[in-house]
């Protein structure tokens, strides 16, 4: 019997790539897809890397596929936007070695800036999409995706969601299939997408789509379960589990392939059930197509387009059951915050004091938008801090941005920020860019990147010198400052923003969670000298609280010893704890 | 066996992932089907976090919903209150008697509710422990979460020895003894 183990969805995806004989994997971290690469790195048979962004990652995988091996790229939903340029055209060129792209959507927005549906992007790109519903299927569907990719000469997307990627479930392990490398053969008409060739390939794409619509119904990844035929449900992915939990008696068509849809399979199922429901999280992708074929179905009329589903949601909407609801107590909510000891807090305390507006970006430092720091005014997408600040200057003039800075992290700067900085220099901007360099990709759980000096495999490599890079693209004023040196930061920010020239400030200090052994000293409040002025509370460190008595206390289970509170205290009442 | 539903709630950074992994390892060793749902990414940064563990003969849904939890393990008082309505009528709450002010309370935009545990006791079986105090006695306040887990273990279907074996397999080698001691303290505190 095959060995059974418990695996996180993302670990199972990685295992699937391993078992499928995949040889190259390239990705950029993004919740909820990050751990796929972190598990792939454990397999020596697969070359795996972090790329600076998802476009680069997908192109690396495309190159590997063209050369004749099975290749993988994984990303979060918004990462696919960055990679959509290669995606839409590799859909035309097709593959040599199998090419699979795992894309993780985030219904419920646990860690994302939007709630877009990858199936809609895939439809536009005419790329097939498979959707597993648990860890075991995550592994199996990746293997099937590689087969499909080679059989139909197409990249294949395997769609995940946060709930699948971050749930653990049982997985039956198999051995790796050793797939022989295909020889590289120059194929001008297929791999050179110039207009004359692309015209021909477009026809290939259309006939491939038709073939998949026809053949898809017999793929073993679809499941038809006939029970009581009063209610029939078409579903896929994680929502299938909610359907089985809430409506165990219903007939179910569980689609394994969700683009293109297996039309005849759906028509047959629909003809055999009395009332047809379509249960899909996010957009009505299946529903709109099914309805366009003249089939009556109930979907988003009663089910939400937003957030995650659950069994209770279906019990209420389909069965009309009254399910226990939350008591009406108003509790203070607990939003995510910067960690105690986070260097970003130090930078933001300075910017807040100087009343600077921040054009923000994607990372932990996005949390600088909320009270009490309240520095950031904008956050759109990776790299947008720098380019949007530039847009403001060009719209409103250079004086408008004198009390603004663009704020971006080191990993995000290397992802797409650098392009925006080149644009600022090229188009004679005068704004100030701050790179908050914490030596890691923090939000996703500490991944290396091109400016950390380590590869995904943990090997030493060249570390991009961001200061030299900024100078090389034409920034004459580049300041490198310790993120905890608030005096120096204040001076430099004032100087840079006042200038009529572009400036970059790199505020450096490693993420406090990166190496906890570096924490030497914690701090305490000496209440005999504390004036209770509240200065130390201003940056909103969760380790410092004001008691009901008015006393200020530092929580020793939380303090990470950054010392920011000590530098803010004018009465020397915050002191290092003397260790024995 | 009917599916058993456990929830572990707390504040991002308190170690909910470690405790859920210990529990997950245990359920597999006992031969159950199991699903665990975790929180990664932004929500982990000091936010309210919840982990679901479901085990039984066949588990479908990876999440626990309102009114279904057999045991609610809470590492912080306010989080216990936030998720208390997920409990079944006869469900048990094991709560670490710690207060961590959320940002709206820190900046004075909201008040931390008073007498949380006393109020929960009116309608639930509540088991309270000041696990940080207990952990400090062991010389490392960070293992408080395993003390809470030890207490919660009394409400689940596994033998003490099996818990200790899984702890041994799950935590870093250096901390095995410390974590085992922490577990036993929690286990024995329960009454």
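Backbone N, Cα and C define each Cβ position, glycine as well.
TrEMBL annotations: computationally assigned, not manually curated.
Per TrEMBL, the features are as follows:
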- A:530, A:533, A:536, A:569: [4Fe-4S] cluster 1 binding site (BINDING)
- A:541, A:559, A:562, A:565: [4Fe-4S] cluster 2 binding site (BINDING)
- A:119-311: domain 'ATP-grasp' (DOMAIN)
- A:521-549: domain '4Fe-4S ferredoxin-type' (DOMAIN)
- A:550-579: domain '4Fe-4S ferredoxin-type' (DOMAIN)
Other CB atoms, at most 10 A from the CB of residue A:530 ([4Fe-4S] cluster 1 binding site): 18
For residue A:533 ([4Fe-4S] cluster 1 binding site), nearby residues of its own chain (Cβ under 8 Å, 6 or more apart in sequence): A:570, A:571
Cβ atoms near residue A:536 ([4Fe-4S] cluster 1 binding site) (within 10 Å, other residues, all chains): 24
Where residue A:541 ([4Fe-4S] cluster 2 binding site) falls in three-state DSSP terms: coil
Additional residues surrounding [4Fe-4S] cluster 2, by Cβ distance to the A:541, A:559, A:562, A:565 centre under 8 Å: A:340, A:341, A:523, A:543, A:544, A:554, A:560, A:561, A:563, A:564
Cα distance (Å, whole number) from residue A:541 ([4Fe-4S] cluster 2 binding site) to residue A:530 ([4Fe-4S] cluster 1 binding site): 17
Residue A:536 ([4Fe-4S] cluster 1 binding site) as reference: those binding-site residues from A:559, A:562, A:565 with C-alpha within 10 Å of it: A:565
Non-local residues, at least 6 beyond the ends, that sit with Cβ under 8 Å of the domain '4Fe-4S ferredoxin-type' (A:521-549): 337-341, 345-346, 348-349, 352, 371-373, 555-556, 558-561, 563-566, 568-577, 579
The domain '4Fe-4S ferredoxin-type' (A:550-579), counted residue by residue under DSSP: helix, strand, coil: 5 helix, 6 strand, 19 coil
Least buried by Cβ count (within 10 Å) of the binding-site residues A:541, A:569: A:569
DSSP three-state assignment for residue A:536 ([4Fe-4S] cluster 1 binding site): helix
Local Cβ density at residue A:565 ([4Fe-4S] cluster 2 binding site) - other Cβ atoms counted within 10 Å: 25
Distance [Cα-Cα, Å, rounded] between residue A:562 ([4Fe-4S] cluster 2 binding site) and residue A:569 ([4Fe-4S] cluster 1 binding site): 14
Separation of alpha carbons, residue A:569 ([4Fe-4S] cluster 1 binding site) and residue A:559 ([4Fe-4S] cluster 2 binding site) (Å): 16
